[in-house]
Amino acid sequence: MMPPEQENTNTSTTGNTGPSSIILTNWTETVTVHAEPSLSSSISNMSSCSAQDQGLQGQQEPSLSRSFTILRASLRPVTLMFADVAYSVCLSTKGTGFTSGEPKSARAVLNGVSGVVRPGELLAMLGPSGSGKTTLLTALAGRLPGKISGSITYNGQAFSSSMKRRTGFVTQDDVLYAHLTVLETLTYAALLRLPKKLTREEKIEQAELVIMELGLTRCRNSLVGGPLFRGISGGERKRVSIGQEMLVNPSLLLLDEPTSGLDSTTAQRIVATLRGLARGGRTVITTIHQPSSRLYRMFDKVVVLSDGCPIYSGQAGRVMEYFESLGYNPGFNFMNPADFLLDLANGLIPDTTRSQDDQLEFQGRLDHHDDQNSAKQSLISSYKSNLYPLLISEIHRNAQDPVLLSSSLRGSEVQWTTSWWQQFKVLLRRGLQERKHESYSGLRIFQVMSVSILSGLLWWHSDTSHIQDQVGLLFFFSIFWGFFPLFNAIFAFPQERPMLIKERSSGMYRLSSYYFARMAGDLPMELILPTIFVTVTYWMGGLKPSLITFVLTLLIILFNVLVSQGLGLALGAILMDVKQATTLASVTMLVFLLAGGYYIQHIPPFIAWLKYISFSHYCYKLLVGVQYSATEVFDCGLQMHCRVMDFPAVKYLELDNKLWDAAALTIMFVGYRVLAYVALRMGEPH
Ligand SMILES: Nc1ncnc2c1ncn2[C@@H]1O[C@H](COP(=O)(O)OP(=O)(O)OP(=O)(O)O)[C@@H](O)[C@H]1O
């Protein structure tokens, strides 16, 4: 139990609501909910566990006491009802022969699943692997693509954008930025998700609060980590993911396997927290693989799935009674109800005539498929005749309930909790922090510096008497700064896709604010490296010693970098596959290299148009155009001077219209970026 004085600071007991009711104040309103002692105890247990390690509990208590209630009261309770939910996926049946275009077959993943979950309840979905738990959870979260039959309603209404912002969804794989600390991860989530009316300090305080509440104090400053380097533990990652969703104070919280891979104590803490959140007036649904009996006792309701069909949906405490009424007994005492349910869902019916050891041996053998299938069918038909009619009549009754319908989630909602500018600023900062290791990586700087010094040495103090070499250096500028940004930019969106999907699905920010923040975040390094490169190589390479020409050369190359980056972003966003995008990019750059006008000057007319789609071609033309004036001459041998403009490689370029070249680059600069944005928008799950 929480210390009495702490309870008093968080809640006030009211005379007219009875001893078990407390008033919980939150951002926008005051609601009355029924609290259970277990909530306080579970949460305080977790907090104190970590706070003790740090000796922080005493220090943090004042801020905790002011806003503790925010995490405990749901703003708008949601009653979730689902009836006859069915979902199929299309599978192409591949034969072993040489035939192609085989007919597609549909596979039912969910079949007639129904249930009711009310505010304050914790529902667990149980079932063997592949039974459809994740699919059902995703459908209930409004995130399942494709056609779902049956009905899913939230306070009697269909899923809406308002509901989306009230829904927290924790996926099985934790999608987190590896290079942010736990505190940074939760602070950025708070800054993006909490409403405008809270100050920045208050939002940061909420993040701190979630850290304490989830027992993450000990690792608050540790990096999250990822596949390439180790960070916090699996259980801590899971708690960070839950914390991100808790921050928005969701009315409906859905979690996919929040305890998988965790030790039983940590799993117990997580489920206790979920139960605590439910008791604060939320509707909480979780899938779970193998709960211990301790965990099982914390569930209010369970849905048990077998091959996508329900065999039970209702109160968790009455499950044994129900199956006993059908004649199924665990066979021996003290069996974990969850184990019993999973056996049943697998079609393993306990044989009470056998001893315990015999049963284990019997069930372990795999040669009873027919028996198992007929047992499953029998359980499914028992569900249909016993539980289904009750559930459907409850759903119909509730659907007519005027109180439920009046608490509609539509209407009065603002679409975004924070302004465009606020989102842009936070996303920009987060992006810079997450990618600084990559942008400012020593390897990347070494790569550019070594190439610049090497090219400077190769072209060391070239002059116009070696015009072919000088023009070659300008062509090299245009090609190198076409390739390099293009290949860097290709990775941007495919790498960020899981995060983008997760955050956009919960309505965290606008796509445009993300997009512009990403563009702006990449700019410093995209521009600094070519600036260093050009500065070193230009002067070492003996190009025209004029400051104006140097600045113009630099500006042309920087613009070329931005155009090339735009193409990389567009390819990445359209294909969303790094391998495909890099293959296409290398073919494109090869075409640009060959058609750019340096290697081949007599391209057959039917393919000469290729150069007009090459940004490197325009860049090269502009570079040559600013390097040599129309009257400039070079030593063409035998003490003769020729006009640079008559040199074949330059003449071929037709340098008379620089404005058009600049306009072509500008069109590409805008066009590629618009294309990337549209591709991102179209690629979003609907
Ligand atoms: N898009 C899809 N394409 C093909 N099969 C799918 C698709 N979605 C789901 N399935 C299949 O549907 C079944 C149910 O999948 P689901 O992920 O919901 O199971 P689960 O009960 O959550 O399993 P687990 O406990 O192992 O995570 C699986 O057999 C899965 O292969």
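Every residue gets a Cβ built from N, Cα and C, even glycine.
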Transmembrane segment per TrEMBL - which of 177-195, 443-461: 443-461
Ranked first among 443-461, 473-494, 662-680 for CB pairs under 8 angstroms with the transmembrane segment (547-574): 473-494
Residues from the same chain, set at least six apart from the ends of the transmembrane segment (581-600), whose C-beta lies under 8 A from its own: 471-472, 475, 478-479, 482-483, 486-487, 490, 494, 567-568, 571-572, 574-575, 607-608, 610-611, 614-617, 620-621, 649, 652-653
Same-chain residue ranges lying at least 6 outside the transmembrane segment (443-461) that approach it to Cβ under 8 Å: 469-470, 472-473, 476, 480, 484, 525, 529-530, 532-533, 536-537, 539-542
